[in-house]
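K.L.:
Dumping the structure here so I can ask a few things about it.
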């Protein structure tokens, strides 16, 4: 049987590789992605393995590539995607060339960055000096103003203005500080110098580039006037504390002009050199950007190969590597060919040896999937990975999942919107995959695009069955009901009924789905739809559970668990059939036995009355009475107490047989195990005596136990839990399928509310203003339909469908106690590395 219905048959193999051919062979297996290696050195530290130095070299190369990538991204240079197929893993000798290339690129880039940073720092200093010379000229002009004499008196005192017959001048320092530090800087100067300094500052209008971080910062020029060396020292310390940069500023105007001209010349020269440096850096990065994706792939492949080789064992001669691996049995030949290719590439003369091994260990679970089945298989894996070779529910889920969803979501209009979205994602699959959109929600939707498409299509089908499109109905074939009331009767009565026994009904049902006349039945539409959908939900649920129990038979037959067939499957299927499938049969008997009696309207014939809708019994009451061995006489004397002859006898028999199945499920397996152990214990002493006699030993000597059996008390507890879970679960799971009816009702009612409260009022509006009102109302109705009725209701129905499959369906046969087959695959490794980067 293909792996779609049951996981692939796996085999444990031992692989012998010659040391010089190991790298090439593992590389070929990585490209193939069909081998899961086991760690043969679990107790060896990662730093003590054979190829740890090669792994370190790969880590170092990866670090250098990440540095290059960061610089390329910072400059906004596009990195070329790998055209066509990914490059193969390079040979070990090519590692030296790659290391040399990366070392050269890193050193060159670091040197260029250091030079550029030094040039930018020099440029910043010259720019700040230029602003200082320009701004301080204004300050000096102000201080030369006679009107400023009062400030000088304040700083120097009247006696200090003239000393030795000469006028004393103030000392000063000039510099640049971050604009946000100015207020604190000014307060500190005032407090530390006790108001004996004079500070002037002016903002630099254009932002300056920080050479270290490349951020744009705003700064201000300041000049501080003071008297004496003591204040000078104090001022410089405060400037140093606030990280202000001080620059020399000549006192003489002529010297300042000369310095400003020199600064402008040097800035122009620096601009030229900076431009050339940036051009060189850009050229280096553009050249690296063309190959960096390729380099990443090569380095990651080399690293993955050496990581895998570290899982291998060395033989005593140190010339051969030994590995153990899980491989799919069907792919043995493909793997042999890959190993042969690797041996030829390496030039080795010794072919690799791949031997099958016998093991008691449970193999990993491997189900082959394609882009269509992948999403459905993931739904199953979310519950639990299948036990090895257990029946895979995924192929059946492909049909049952969208169908059960559609039963809850049935609406032709909403289903069409969902199907259109799913079809668009499937149609634009390759372009959307190439975009690599970094949004978790989008990736969830895109990963389940085929599920969304099928859910939409199935919802359209059930929408046609319900005859529901945006809460309205389609009258394609013409209603089977006719209005025979005259105009006066219609005008005088708000509510009127159409009798199926009369000529109101044409006695031929609507060809497909629900008759559109029910859309007009305001008083009993919900009653009719509830009865219909409730019964359909139970019917679907019982058949779904019966199918799940039948799947367990397939497991028992495959694993040769004959006793499980007799004491588990048969009692389970009998219990479910005699109780709940019988309830489904009662529904069909009711539908076929009771109904309209055309042409017999008003007849008092007892036979006609007995088959009319008047005598139709309640299935729920009938089922409850059946379980209680109770018979309620019909309160309507014209009607029979039973639906068919012998009903009471059959029902009592069914309940008794179903109840007898419970002790079989509870005690059958423990009894069988106890009997088997007893037989084994009786036959073992004889076998021990014969073996001892043959070997010359003493008869009756104690022999080692062949296996440790489970305690019988634990077997009883385990079986009791399963039996109670199945019996009670049969009732609760059947009731759980009523969510199909409940969500379908909720969806239909929400759609009807949205129509009546919004779009209907817009359509009833008239005139020019009515057109504008309709435009606004339609936008609101469309937004509510998409956001609430499609997205939120769709998500709700999806989660309920998931629960029905995980709990009600899979619990009947699916253990889900396996572990996934995780082969050594370059594709998986590169994908996970790419996602980690994003």
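Each Cβ is built from the backbone N, Cα and C atoms, and glycine gets one as well.
Feature list, courtesy of TrEMBL:
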- 95-129: coiled coil (COILED)
- 403-427: transmembrane segment (TRANSMEM)
- 448-466: transmembrane segment (TRANSMEM)
- 536-557: transmembrane segment (TRANSMEM)
- 569-591: transmembrane segment (TRANSMEM)
- 650-668: transmembrane segment (TRANSMEM)
- 771-792: transmembrane segment (TRANSMEM)
K.L.:
So what's near the coiled coil (95-129) in sequence-distant terms, Cβ-Cβ under 8 Å and 6+ beyond its ends?
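P.N.:
Apart from its flanks, the coiled coil (95-129) reaches 54, 57, 60-61, 64-65, 67-68, 71, 176, 204, 208-212, 219, 221, 245, 247, 259, 263, 266-267, 270-271, 273-274, 277-278, 280-281, 284-285, 288, 295, 298-299, 302.
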K.L.:
Cβ under 8 Å, sequence separation of at least 6 from the ends of the transmembrane segment (403-427): give me the contacting residues as numbers and ranges.
P.N.:
445-446, 449-466, 468-471, 474, 536-537, 540, 544, 739-740, 743-744, 747-748, 751, 785-786, 789-790, 793-794, 797-798, 800-801, 804-805
K.L.:
Short question: which residues 6 or more past the ends of the transmembrane segment (536-557) have a Cβ under 8 Å from it?
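P.N.:
Sequence-distant neighbours of the transmembrane segment (536-557): 390-391, 393, 396, 400, 404, 407, 564-565, 568-569, 572-573, 576-577, 580-581, 583-584, 587, 730, 733-734, 736-741, 804, 808-814.
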K.L.:
Within the same chain, where does the transmembrane segment (771-792) have neighbours whose Cβ lies under 8 angstroms from its own Cβ atoms, ignoring anything closer than 6 residues to its ends? I mean 6 or more beyond.
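P.N.:
Result: 411, 413-414, 417-418, 470, 747, 750-751, 754-755, 758-759, 761-763, 765.
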K.L.:
List, by number or range, the same-chain residues at least 6 past the transmembrane segment (569-591) whose CB is under 8 A from its CB atoms?
P.N.:
535, 538-539, 542-543, 545-546, 549-550, 552-553, 556, 616-617, 619, 622-623, 627, 643-644, 651, 654-655, 657-658, 661-662, 664-665, 668, 726-727, 730, 734, 812
